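Q: One structure coming up, written as structure tokens, with questions to follow.
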Amino acid sequence: MPEDVQNRTRIKSERYESGVIPYAKMGYWDADYKLKDTDILALFRITPQPGVDPVEAAAAVAGESSTATWTVVWTDLLTACDIYRAKAYRVDPVPGTSDQFFAYIAYECDLFEEGSLANLTASIIGNVFGFKAVKALRLEDMRIPYAYLKTFQGPATGVVVERERLDKFGRPFLGATVKPKLGLSGKNYGRVVYEGLTGGLDFLKDDENINSQPFMRWKERFLYCMEGVNRAAAATGEVKGSYLNITAATVEQMYERAEYAHAIGSVIVMIDLVIGYTAIQSMAIWARKAEVILHLHRAGNSTYARQKNHGINFRVICKWMRMCGVDHIHAGTVVGKLEGDPLMVKGFYNSLLLTHLKINLAEGLFFDMDWASLRKCVPVASGGIHCGQMHQLLYYLGDDVVLQFGGGTIGHPDGIQSGATANRVALESMVLARNEGRDYVGEGPDILRRAASTCGPLKAALDLWKDITFDYTSTDTPDFVEVATGSR
């Protein structure tokens with residue numbers, strides 16, 4: 001028998017007689033691994049159990065999220081196991097911690113079904129988060145290669161086409177969520193939509209938990225909403241819309257509601273993140289065929305995205321949802337009532353809007369990534385914002401965003417229409433100041449007060465909400481060490 005064959009036989013014999021061996025020695029750790037352009041890369045924050053070596057913990061995550069089980073198996077010999085094993089290739093300590101590590105893992109692209117987020121996530125987050133070798137585990141970022149991205153459709157509409165359809169350019173979109181979320185009759189619900197749109201908003205929307213309850217069935221809501229939309233469009237001469245939430249118990253029911261919304265003229269429908277990845281992709285495919293904008297509410301995301309040491313960072317959800325094909329996703333406000341560190345939110349927005357991502361540790365972006373011409377997904381800022389913050393919102397979030405003022409419209413002391421007008425005037429005055437080259441951030445309060453001198457609804461809103469803000473320390477902030485650089 002040739003010597004090389006004897007050597008391979010000896011190695012395999014030792015491997016498969018060993019029963020249980022460390023993951024790092026099973027082939028799931030390779031510090032010299034050469035990355036391929038087609039590799040799917042994942043960055044995990046790992047908190048190993050006491051006594052577990054960080055490299056072994058990283059190898060365990062690589063193994064359990066790809067091909068490994070708790071013992072060696074002979075059937076590995078029937079596969080190209082050396083290729084299909086995920087490879088942990090780098091482990092770095094997390095700055096400012098003593099027990100957390102960033103583990104970089106590469107996956108062969110052929111491990112995943114084309115165009116299936118459900119299959120991708122079944123491996124990456126499917127089983128490994130319950131693994132005993134790690135005390136806590138968080139998926140911080142991913143690089144999806146060009147070749148794999150090309151198997152996904154991306155956003156059904158995209159920001160450019162949405163602006164063309166709605167004839168709205170040079171400023172953020174304006175919207176509001178109908179309040180109260182639950183309990184209104186269909187007729188009163190439609191009245192809220194009409195008044196908000198007539199006052200100057202582009203969109204009204206359902207909230208995440210309004211579906212088809214005893215106090216208002218879905219078809220009743222859809223009809224009254226569209227009556228409000230059509231009347232407001234006729235009165236203002238502008239294209240208007242209302243996000244009709246088609247979320248339901250089954251995908252079949254969702255298709256029924258989507259088709260009905262389309263039939264009665266809605267330009268946009270809405271779904272919730274909690275319906276699951278397969279349902280989201282299914283509705284995105286429908287939306288593209290029907291030429292309907294698809295809005296996604298991130299309902300439920302904070303159950304796994306908010307805690308710093310365990311779960312999934314929201315930037316990963318942003319990437320996945322852009323792949324799935326949604327046109328809008330709630331992505332933070334910075335200044336509102338919901339979690340949102342400014343740098344982290346910037347990273348979320350860039351993941352949704354840029355055509356090519358560069359490594360930016362301050363924004364939590366750990367990989368370069370080309371979006372393979374997938375359309376842009378519009379971020380939505382919603383939750384505890386009002387017109388007095390307009391200069392901050394424009395500065396932090398830019399133009400390609402939907403600013404949604406729910407309480408900040410419907411809570412206006414003079415009514416819904418006045419609340420909408422206050423927001424529209426505040427936005428247009430701030431955009432004008434920016435376009436004139438003024439320091440709209442520093443002069444923001446003065447710009448708003450000057451605009452309010454000729455707009456009663458804006459003055460009433462500023463007097464009511466003044467400088468209300470939700471100033472809490474974010475639980476999720478970037479982990480990086482600033483390094484001074486000198487000029488040459």
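Yeah, the Cβs are placed from backbone N, Cα and C, and that goes for glycine too.
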Q: For the substrate site, Swiss-Prot lists Asn127, Thr177, Lys181, His330, Ser382; sort out which one of Arg90, Arg217, Arg298, Arg306 goes with them.
A: Arg298
Q: Taking Asn127, Thr177, Ser382 as the binding-site residues to compare, which has the smallest set of other Cβ atoms within 10 Å?
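A: Least crowded of the binding-site residues Asn127, Thr177, Ser382, by Cβ count within 10 Å, is Asn127.
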Q: Among the binding-site residues listed here, Lys181, Arg298, His330, whose Cβ has the fewest other Cβ atoms inside 10 Å?
A: Lys181
Q: In Å, how long is the longest CA to CA span across Asn127, Thr177, Lys181, Arg298, His330, Ser382, which the record gives as the substrate binders?
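A: Largest pairwise Cα separation, rounded: 37 Å.
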Q: So what sits near Lys179 (active site, proton acceptor) in its own chain, CB-to-CB under 8 Å and at least six residues off in sequence?
A: Val192, Asp207, Gly406, Gly407, Ile410, Gly411
Q: What number of additional C-beta atoms lies within 10 angstroms of the C-beta atom of His297 (active site, proton acceptor)?
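A: By my count, 26.
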Q: Report the same-chain neighbours of Lys205 (N6-carboxylysine): residues 6+ apart in sequence with Cβ closer than 8 Å to its Cβ, ordered by sequence.
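A: Non-local contacts for Lys205 (N6-carboxylysine): Gly175, Ala176, Thr177, Val178, Ser242, Tyr243, Asn245, Met270, His295, Gln404.
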Q: Where His297 (active site, proton acceptor) and His330 (substrate binding site) are concerned, what is their Cα separation in Å, rounded?
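A: The Cα atom of His297 (active site, proton acceptor) is 6 Å away from the Cα atom of His330 (substrate binding site).
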